[in-house]
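Peer 1: What follows is a structure written as structure tokens; I'll ask about it next.
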Amino acid sequence: MSREIRSLESIISDARENTHEKMLIRKQRDMTTDIAPERDLQGRFCSLRRIGEGTYGVVFKAIHVRDNVKCALKMIRTDRDEEGIPSTCLREISCIKDLQHDNIVTLFDIIYANSKLYMVFEFIDRDLKNLLEMLEPTNSVLPPNYVKSFMWQLLSALSYCHLRRIVHRDLKPQNILVSDSGVIKIADFGLARNFSFPSRNYTHEVVTLWYRPPEILLGSQRYSTSLDMWSLGCIFSEIASNKPLFPGECEISQLFKIFEIVGTPNIKSWPGVDSFPHYKAVFPQWPVNLKKLEETSCLTGNGLDVLREILRYPPERRLTAKGALSHRYFLQNGFTQNRPSVTDLMKDIRAQNRTPPLLNNHQEKSIF
């Protein structure tokens, strides 16, 4: 074992001591032999361009020299004096390294060099949020065949993950990549984790606010795959209407926006809801408002039925990813799994907008 790998193992073993991380750390120790030792990164990658930055590092677009393949380099800062490798990075590697699915972003390599961890992913030109933003100037929405294709691919990826007992916990348009050929890829597994049966307590600090399910907002720490399904329901509505379904400004605002459409829950509609830490008997009482759901989501017929079956409480009554794939929504009108071209769609959008393509104009910058 090389010095670099031993060093990484030392960081991992010293970085996390609390109970919730121990299983993840053990898995990561087993994985250190898969992490490449320090190499001449400058000789392996070229045409580097910074395309994003997060709490723990920076993402660069690059080209792998030998294979002439575009890739995304996620550079993770490590600090031996503080936390070392962030837990989100450990979780992402642990969850995604063995996932092989057409609709999940591929992790090509893991490189530890110069006290930094590099995760090398396949590169996709845009995310779903970028695509939806291009439609805004003309108040347009995605054509129905795109909506259905995107939803099918997302459900396929989630069904695959959930079968392997992995819950993503942070589904949102920014974490869904869209290729020119119309292929959808779920990315950013930084909050993902393996779940257990029966369910156990987990942190409730998951999922971006607009896509957070009501049980989490009410303080529940017990959840499983139904959490992802609620988020996907919100995304389904958003890609059909090009506007967020529940755009709350804070947690209580988010709850009330949900209640205004799905109805205020009670012990009859949701047995046990009164036991959640943040549940209040004095919540405003809203009835189920299917008309508002239809108007907001722009979905009708079988599409609206899928959305209704997903946005249900209690969570165990929600449609599963596997179940949704068998819904008549995907069986009507001769639906096929052929992916509509996003390149053609963007040409039409730009023609209407008369604007140049969305490009990231950051200058090339060395990361070494």
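Including glycine, each Cβ sits where the backbone N, Cα and C put it.
In case it's useful when we look at the structure, here is the feature table from Swiss-Prot:
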- 45-330: domain 'Protein kinase' (DOMAIN)
- ILE51, GLY52, GLU53, GLY54, THR55, TYR56, GLY57, VAL58, VAL59, LYS74: ATP binding site (BINDING)
- ASP170: active site, proton acceptor (ACT_SITE)
- ASN175, ASP188: Mg(2+) binding site (BINDING)
Peer 1: Where among the binding-site residues ILE51, VAL59 do you find the Cβ with the fewest other Cβ atoms within 10 Å?
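Peer 2: Output over binding-site residues ILE51, VAL59: least Cβ neighbours within 10 Å is ILE51.
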Peer 1: Work through the recorded positions one by one (GLU53, ASP170, ASP188) and point out the residue whose CB has the fewest other CB atoms within 10 angstroms.
Peer 2: GLU53
Peer 1: Do you know offhand how many angstrom separate ASP188 (Mg(2+) binding site) and GLU53 (ATP binding site) by C-alpha?
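Peer 2: For ASP188 (Mg(2+) binding site) versus GLU53 (ATP binding site), the Cα atoms are 13 Å apart.
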Peer 1: So, three-state DSSP: helix, strand or coil for ASP188 (Mg(2+) binding site)?
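Peer 2: In three-state terms, ASP188 (Mg(2+) binding site) counts as coil.
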Peer 1: ASP170 (active site, proton acceptor) to VAL59 (ATP binding site): how many Å between their Cα atoms?
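Peer 2: Rounded to a whole number, the Cα-Cα distance is 18 Å.
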Peer 1: Between the Cα atoms of GLY57 (ATP binding site) and ASN175 (Mg(2+) binding site), find the distance and write it as a whole number of Å.
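Peer 2: GLY57 (ATP binding site) and ASN175 (Mg(2+) binding site) have their Cα atoms 16 Å apart.
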